[in-house]
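Okay, structure first, notes after.
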Amino acid sequence: METTNGTETWYESLHAVLKALNATLHSNLLCRPGPGLGPDNQTEERRASLPGRDDNSYMYILFVMFLFAVTVGSLILGYTRSRKVDKRSDPYHVYIKNRVSMI
């Protein structure tokens, strides 16, 4: 009976992802020119009329910027709220201030 290692499936899936990424990066699809090699007006018109691969890239950039802003905003709010809690539970405010007011 053969025992399976839990990292083998993880390693295989990681290898498959890296292999696909490598194939995508080294493929000629990204650098391949259009059907015409020369400066043909029909080629330019076809290229302009076809939907591009990066048409919604600005939406992706805005989405990432929004997520970054939400993350930074939550960190700032969390920090300022924790400072307010620390000020209220400060020993000066709890013990010394009350005793000075009694004198």
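Cβ coordinates come from backbone N, Cα and C, glycine included.
Per Swiss-Prot, the feature compositional bias 'Basic and acidic residues' maps to 43-53. Annotation comment: Swiss-Prot describes N5, N22, N41 as N-linked glycosylation site. According to Swiss-Prot, the feature region 'Disordered' maps to 32-53. Taken from Swiss-Prot, the feature topological domain 'Cytoplasmic' applies to 78-103. Summarising the annotation, Swiss-Prot assigns transmembrane segment to 57-77 and lists experimental evidence as the type of evidence.
Neighbour count (other Cβ atoms within 10 Å of the Cβ, all protein chains): 10 for N22 (N-linked glycosylation site). According to its DSSP assignment, N22 (N-linked glycosylation site) is helical. Per-residue confidence over the topological domain 'Cytoplasmic' (78-103) averages 68 (mean pLDDT, predicted model).
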